[in-house]
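What TrEMBL annotates here:
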- 122-444: domain 'PDEase' (DOMAIN)
- HIS198, ASN199, ALA200, VAL201, HIS202, ASP239, ASP348, GLN399: AMP binding site (BINDING)
- HIS198: active site, proton donor (ACT_SITE)
- HIS202, HIS238, ASP239, ASP348: Zn(2+) 1 binding site (BINDING)
- ASP239: Zn(2+) 2 binding site (BINDING)
- 463-507: region 'Disordered' (REGION)
Amino acid sequence: MEVCYQLPVLPLDRPVPKHVLSRRGAISFSSSSSLFGAPDPRQLSQRRGAISYDSSDQTALYIRMLACSDPPWASGSVPGPGSSSAGPVSGRRLRRLLSFQRYLHSSRLLRGTPHLNPLHILDEDYTGQAKCMLEKVGMWNFDIFLFDRLTNGNSLVTLTFHLLNQYGLLELFQLDMMKLWRFLVMVQEDYHSLNPYHNAVHAADVTQAMYCYMREPKLAKSLTSCDLLLGLLAAATHDLDHPGVNQPFLIKTNHYLAKLYRNSSVLENHHWRSAVGLLRETGLFSHLPAEDGLQMERQLGSLILATDISRQNEYLGKFRTHLDQDDLCLSSAAHRHFILQMALKCADICNPCRPWELSKQWSEKVTEEFFHQGDIEKKHKLEVSPLCDSQSNSMENIQIGFMTYVVEPLFAEWGRFSDTRLSQTMLGHLGLNKASWGGLLQQEQGSSTEDLEASGCASVAMPTPAVAKSEPEPASAEPDAIATATDIGETNSQTDNKIIPQGSEES
């Protein structure tokens, strides 16, 4: 059993009840399910040495001591409970513990080197190429894969910090730079890098798309500083701690989160609660009045919950009604919040609207994740979820169906709301990409037909052995019809019981 580095805790007036060690129900998936080869769930109380909880009268934090000049893990071992040392900490946990210290010791900014820009973050830790890319971060053809390589896998931290800094939100909200950086590092670390699709690079891509949408003329002149802060934070955390499987999988495996959230927006509630946990753990908003901090958390949850694909028709219908009646008033806080919800929904599924070179990479990654879930379901003799069976689905068919039934209707309405060059560019890429997948599908079907004809000719040309004449020939099985992506596996019949953050502003 791996041992976490046990750190001092803040003094408490009262003992910590056991039931609050679940961090308000937001616990990392990396140690919550035996289906993923994880440790016993009883180990969750440690949560990598960092747990926070809140109650009606107090909040306690189990924190790491980041200012240690000679960390105890430098020798390769960490102290454990009741002993002076223990076995070596795992690579992931050690990276989590050291990530912030590496920045502290290596940055010219924090070593006190004079500089002209007090918020300059691209120093020797990053290449000049990454800095050049950030100068064009508002371009729709921004290559997030290249940017992630240039930042050594830190695309989410670097991009989000840069955008918050560019909007002047650090000074406006008086955000502590060290708390913000630590929060972003922890967010990036809580994305599962082994997920082909739902990882920190996807979060960075959604954040960049959200920035593009918030720069659109209608939004740029209407959004408040609070809207900008919430939009960027929601984009960065919208899939936090995603396990790489969908909600139906959690429900049919009786996962504890499915029970906790009553089978309703399970993943989205978990992403939101995890984000709130990190906000409280780092104290990013601790300097704000208590009510303001709670309001920010509720609005953050409202944005993240809007990304639930099972509520697509609900949000799309409301959006279409507003556009038909022409009653959207962006001077209204409720209407601005609703538009932010729609913008985040668009950003979350905008991959088919990117240039083909980028869109195709994302399609390959999401298909790989779908099929990986199908393999897990087959291994445990579970019913295979829609689109997750590699034997009956193809990447081409999945993408064409997804574009037709999910992406096109949403972006058509967004184009009505914001008829700009960006919207026309996105719809243009969407049409071209759909045609490209259609061409690949025809090629695949053509090659399959040729293979069948070739095998048929070969069987005719081959002499049939006399002994085989007495055996009946097996009937040729008709190929299965390729499923269209009318349902991407996230349907939920219990939307009436959905947990909505208290006080969320929806029109």
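Including glycine, each Cβ sits where the backbone N, Cα and C put it.
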Open item on the list: I'm trying to understand the geometry here, so how far is the Cα atom of HIS198 (AMP binding site) from the Cα atom of HIS238 (Zn(2+) 1 binding site), in Å to the nearest whole number?
Closed with: 10
Open item on the list: Using the CB centroid of HIS202, HIS238, ASP239, ASP348 as the Zn(2+) 1 site centre, which other residues of the same chain sit with their CB within 8 A?
Closed with: HIS198, ALA203, VAL206, ALA235, HIS242, THR307
TODO: Determine the most Cβ-crowded residue among the binding-site residues ASP239, ASP348, using a 10 Å radius around each Cβ and all protein chains in the structure.
DONE: ASP239
Open item on the list: Distance check, please: Cα of ALA200 (AMP binding site) against Cα of HIS238 (Zn(2+) 1 binding site), rounded to an integer number of angstrom.
Closed with: 10
Open item on the list: If you count CB neighbours within 10 Å, which one among the binding-site residues ASN199, GLN399 has the smallest count?
Closed with: ASN199
Task: Rounded to the nearest Å - Cα separation of HIS202 (AMP binding site) and HIS238 (Zn(2+) 1 binding site) - done: 10
Open item on the list: Whole-number answer please: how many Å between the C-alpha atoms of ASN199 (AMP binding site) and HIS238 (Zn(2+) 1 binding site)?
Closed with: 11
Task: Residues satisfying Cβ distance under 8 Å from HIS238 (Zn(2+) 1 binding site), sequence separation of at least 6 - done: ALA203, VAL206, HIS271, LEU303, ILE304, THR307, LEU344, ASP348
